[in-house]
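Engineer: Take this structure first; my questions come after.
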Amino acid sequence: MRYIVVTGGVMSGLGKGITAASIGRLLMNKGYRVTAIKIDPYINIDAGLMSPFQHGEVYVLKDGGEVDLDLGNYERFLDIELTRDHNITTGKVYSTVIEKERRGEYLGKTVQIIPHITDEIKRRIRQVSRTGGSEICLIEVGGTVGDIESMPFLEAMRQLKYEESGNIFFVHVTLAPMTSDGEQKTKPTQHSVKEMRELGLQPDMIVVRCKKPLLPETKAKIAHFCDVPIEAVISGHDSDDIYRVPLQLEAEGLTKYIMKAMRLFPLEERRDWYDLVQRMDSIREKVSMALVGKYTSGSQCTDPMKDAYLSIREALKHAGIEAGVMPEISWIDAEDLERIQPEKVLRDFDGILVPGGFGARGTEGKMNAIRYAREKGIPYLGICFGMQLAVIEFARNVCGLEGASSTEFGETPHPVIALLPEQEKVRQMGATMRLGNYPAHLIEGTLAHRIYGTTEIVERHRHRYEVNPAYIEVLEKNGLLFSGRNGDLMEIMEIPGHPFFFACQFHPEMRSRPGRPSPPFLAFVEAMKAQRLRRTGSTYTLELTA
């Protein structure tokens, strides 16, 4: 087993995850089996209870693990499926060590950071890295070198370096800020590497984030002061799309240097990623789409395009590449649609998407958008909460069930959405939802069946509430169809006769991959293409820049 450890310096948010995923993709292109581990130094057990305002989306793995969004990038770039064990947190490590101490497994020893915490970190890394027949394991250490939270993990990496001598490679991601006169400053990188050395670690390669490509003199200066060959100073300049980053790093000589340093030889030359980017570059048409959510604006909100709805954005991109038309997303604050007529906001869009979410805030605005899509024949895709609200909207405005709602929001005369039976006695919030992969059976001849091309599917879930079985008959009697089911659980709803009205209780975006888009997202993009042609007679033309 060979390990590639990716650390970060200067500041957080430099793109360590994309750098690590890109390295993995490049090594996959050479024929190697690659896996990935994300270390998160926070004390939380997992990301399940973290606010999207602070942390971005919670990504769900096949086994129900609720993890950092970087693991979604690993799955998409490497086309693999990870487990909750691929996400190591301070909370998990300390919980395990404390449980062992309580069971008497340390035989009366004083339990300390070194060796007990660091040994547990290394045990987890070795155990996970050897599953699935992988040959190379990427390890991204979250946070920034120098953070107190990261110290035990960096010490574990130092120990691993000597225990796995010759089979471990350190990549340090730093920043070269640019002054107003265009000078690239190297001092932050120098100080970051100095701090890393004080912990007993020396980077084998430095990937320098910068606005424009690193100048030769900047590379030479970093190489001189940080004790790495100039070939190991890689320009990580800004790219307009994350899927170009592997090719950019390849052009910088990153793959060649890592393979030489780790005594690796090309086993094959895969071109599928190059072909993907070429297909993406060839797209000249676009469609317009409204994403109506609650994490799209406000002083607390991070950039929604990157964080809270990341997997949805990527799934739309995958579908767009396949369909030959790129969705242009407009981020609509659901609360705005509680004050403004939907017609004024939504009339020029080719499709409307309501994503997953929790809580009552913004729900009326979302349902106003759903009603507009249903009544005006605009393609609609609802995900998780977006399906529940579509059912509530239909119950109120088509079935005449006044006050129909979800028990999540309080008392209601018509609880068309209710708590799952197995959730009724649950009191602890963390890791207690219906999480991970579950199957569904699709009815032949339905839109769902046409989209998937099969009657049996598996998708990822993250929810506590479901359609109340007591209301299924009245809903279907009035024209709604539940075309996908798992026993008594309704997984997919559609409205026959509508150009495209599809909503699902699961999260199809989390199984979408570049070159293998999620079927519902691909169908949605195709429906938007048709809507654009009906509405204007043509699709938009992308504005190309030199």
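Glycine too: its Cβ is placed from the backbone N, Cα and C atoms.
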Engineer: Looking at the CTP binding annotation from Swiss-Prot, with S12, D147, I148, E149, K185, T186, K187, P188, T189, Q190 already listed, which candidate in K100, K109, K219, K221 is the matching residue?
Structural biologist: K221
Engineer: May I ask you to find which of D68, D70, D79 Swiss-Prot records for the ATP site already listed with G13, L14, G15, K16, G17, I18?
Structural biologist: D70
Engineer: Which of G357, G359, G362, G487 shares the L-glutamine site with F385, G386, M387, Q388, E408, R464 per Swiss-Prot?
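Structural biologist: So, going by the record in Swiss-Prot, that would be G357.
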Engineer: May I have the list of same-chain residues other than G357, F385, G386, M387, Q388, E408, R464 whose Cβ is within 8 Å of the Cβ centroid of the recorded L-glutamine site, in sequence order?
Structural biologist: G356, F358, C384, L389, S406, I417, H463, Y465
Engineer: Measure between the Cα atoms of every pair in G357, F385, G386, M387, Q388, E408, R464, the residues the record assigns to L-glutamine, and report the largest value in Å, rounded to a whole number.
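Structural biologist: Comparing all Cα pairs, the maximum is 14 Å.
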Engineer: Report the largest Cα to Cα distance, in Å and rounded to a whole number, among the residues S12, D147, I148, E149, K185, T186, K187, P188, T189, Q190, K221 that the record lists as binding CTP.
Structural biologist: 31
Engineer: Quick one: of the binding-site residues D70, T189, K221, which has its CA closest to the CA of F385 (L-glutamine binding site)?
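Structural biologist: Answer for the nearest of the binding-site residues: D70.
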Engineer: Please list residues from the chain of Q388 (L-glutamine binding site) whose Cβ is under 8 angstroms from its Cβ, counting only those at least six apart in sequence.
Structural biologist: S406, I417, Y465, V467, Q505
Engineer: Rounded to the nearest angstrom, how far is the Cα of K185 (CTP binding site) from the Cα of D70 (Mg(2+) binding site)?
Structural biologist: 28
Engineer: Say you check the Cα of K185 (CTP binding site) against those of the recorded positions E140, G357, C384, G386, R464; which is nearest?
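Structural biologist: The smallest Cα gap between K185 (CTP binding site) and any of the recorded positions is with E140.
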Engineer: Tell me, how many other CB atoms lie within 10 A of the CB of T189 (CTP binding site), whichever protein chain they belong to?
Structural biologist: 29
